[in-house]
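Novice: If you scroll down you'll find the structure; I have some questions about it.
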Amino acid sequence: APAVFTGTDVYQRSFNPQEYLREFYRLSNSQGQPNAFLTQNLRALLKMFSLEGLGGDTLIDVGCGPTIYQLLSACEHFQEIIALDYTDQNRRELEKWLKKEAGAFDWRPVVEYVCELEGDREKWAEKEEKLRKKVRQVLKCDVTKANPTEPVSLPPADCIVSTLCLEAACEDFATFRSALRNIGALVKPGGHLVMVTVLRETYYAFNNQVFSCLRLEKDVVEEAVEGAGFDVRFSEVQPCPPGNVCADCEAVLSLVARKRVPI
Ligand code: SAH
């Protein structure tokens with residue numbers, strides 16, 4: 001495990017989106033073993049976005065990275081999506097898929113898997129098109145800034161989703177709590193926060209590059225979410241499926257919270 005925190009400068013310099021996708025987002029590995037970490041998270045996301053009241057006009061994805069899996073069930077419930085990430089090459093990689101450029105990552109097996117969960121595997125192409133149409137902007141953000149999209153001010157959204165970002169972006173608990181307040185301000189009162197976070201992870205690695213991770217416990221995350229002005233509606237811990245040698249994650253927390261309405 002690295003002793004040193006890998007901040008935004010390291011992401012910008014060393015995070016290779018294509019290698020990241022190859023390592024963590026293929027539905028099965030070269031030996032044909034299913035990617036249980038991914039399928040578990042896809043099932044959790046479907047379950048969370050199916051909860052009553054999760055829907056509306058706008059969804060903001062915070063720390064999207066180069067990935068779309070976190071939007072596949074979500075896109076059925078919102079009209080417009082804005083994706084945010086710090087790292088230029090990650091936003092660029094996402095744009096490649098959105099614009100169907102040559103060399104874009106092939107998400108089809110993952111989209112088919114989600115369509116099958118949702119009842120019709122054959123709808124994968126339709127879902128890809130729906131998602132491409134709904135993602136209206138891909139913007140730079142820094143979750144450690146009071147306004148993460150500064151100098152741009154976004155109108156508050158009906159929902160924000162954030163997967164595997166804050167534990168990577170935050171050096172300590174104080175930063176984690178303030179990052180949750182910062183991204184929490186992007187949501188309307190009564191709107192929702194959907195999160196997928198690894199627990200007790202200190203690093204993840206791919207492409208001979210190690211990235212630090214803030215070691216979180218369920219209670220710490222829930223308290224930070226409550227402290228950012230949200231009420232937790234759903235919180236579920238699942239053990240990290242074995243077989244993932246590229247990280248020391250022990251469990252995954254899926255959480256949905258609703259922003260309190262001032263009285
Ligand atoms: N959401 C994706 C990517 C997670 S990897 C997924 O589920 O796989 C962590 C992401 O956090 C990277 O894309 C990185 O660029 C982003 N990140 C790191 N520090 C950040 C910061 N301070 N503000 C916003 N994003 C940050």
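From the backbone N, Cα and C atoms, a Cβ is placed for every residue, glycine too.
From TrEMBL, for reference:
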- Y20, Y25, Y69, D85, N90, D142, V143: S-adenosyl-L-methionine binding site (BINDING)
Novice: Using the residues the record lists for S-adenosyl-L-methionine (Y20, Y25, Y69, D85, N90, D142, V143), what whole-number Å value is the largest Cα to Cα distance?
Specialist: 24
Novice: For a quick check of understanding: among the binding-site residues D85, D142, which residue's Cβ has the most other Cβ atoms within 10 Å?
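Specialist: It comes out as D85.
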Novice: Report, as a single number, how many Cβ atoms besides its own are within 10 Å of the Cβ of V143 (S-adenosyl-L-methionine binding site).
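Specialist: Total other Cβ atoms inside 10 Å, all chains included: 24.
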Novice: Does any of Y25, Y69, N90, V143 have a Cβ within less than 6 Å of an atom of ligand 1? These are the binding-site residues; tell me which, or none.
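Specialist: Checking each Cβ against ligand 1, the ones under 6 Å are N90, V143.
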Novice: Provide the three-state secondary structure of Y20 (S-adenosyl-L-methionine binding site) computed with DSSP.
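Specialist: Y20 (S-adenosyl-L-methionine binding site) sits in a helix per DSSP.
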